[in-house]
Amino acid sequence: MLPRAAPEAPAPCRAGASAVVRDNWNQTNREESTMAFGQPKIEYKTNSQILKMREAGLVLAEALDEAVAAATVGTTTAEVDAVFAAVLERRGATSNFKGYHGFPATICASVNHEVVHGFPSGYVLQDGDVLKIDGGAIVDGWHSDSARTVIVGQADPEDQRLSDVTEEAMWRGIAALANARFVGQIGEAIDDFVSAVPGKPLGILEDYVGHGIGSEMHQAPDVLNYRSGHRGARVKPGLCLAIEPMLVRGNIETRVLEDDWTVVTTDGSRASQWEHTVAVHLGGIWVLSAHDGGVAGLAPFGVVPSPIQP
């Protein structure tokens, strides 16, 4: 789940302060965050707090596994949401999506040209649909947030390429965090990779961004997925981020439907979203919402994640 990016400014503040489209996801945090020198203060976590986030991340990973498995031809997106919700209940976790400013479900289910924030519904999944499943979990007050793209049934090769590139862009952004001094280096790594991918160019959404996460789902700092000319926040132990690139096959312009939530591409082009919650700690980084902490996803980039010690 993600907030909307603010327009370019000398020092980016929390998302959506002067956005044309209302920022449902980030309104609470923007109004309630502690400020420091005019900017939202970053919450740096202790190892024990990060370990609670890891518990939430593992529940979330299991819930997404089952939701992805349920996303087959003939299934409704509401049924996928029910599968996800059942895992949270079974594991004693709660949803950080359902009820958030009135959002009605435990996942965002966004199909094809719907980029993010789609409602689960009676829509019956069709062969070749591109479904984005974005969900979260809370354990003892600590949050996790993660998203995956599922291509239902037989994939169009260009849709598969879109999803594959988006997923790799996410892992490259996470890999950049391992050695980054500033959060802006994540977006630089994502942008450089996507810009150099062979084939038809893919667009990086700029209106919606990643975010800090911890005792709330949306916190400072913003995590841009593109080069902006801004360094961003300094990377220090205790920083936890939701890194979530969103790519489209066409124009990056979007609009929000009349439900005031669902974001769609204006040209009808298909979109992909991948997301993980990642912690920086004294020993390195650890992907809190990946079963293996990010070992497999980061291996191609020479990054070895390190588990958090109690």
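For all residues, glycine too, the Cβ spot is worked out from N, Cα and C.
Listed in TrEMBL for this protein:
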type	residues	note
DOMAIN	52-280	domain 'Peptidase M24'
BINDING	H117, H218	substrate binding site
BINDING	D134, D145, E275	divalent metal cation 1 binding site
BINDING	D145, H211, E244, E275	divalent metal cation 2 binding site
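Measuring Cα to Cα from H211 (divalent metal cation 2 binding site), the binding-site residues that fall within 10 Å are H218, out of H117, D134, H218, E275. Here the C-alpha separation of H117 (substrate binding site) and E244 (divalent metal cation 2 binding site) works out to 13 Å. Here E244 (divalent metal cation 2 binding site) is compared against the binding-site residues D134, D145, H218, E275, and the shortest C-alpha distance is to E275.
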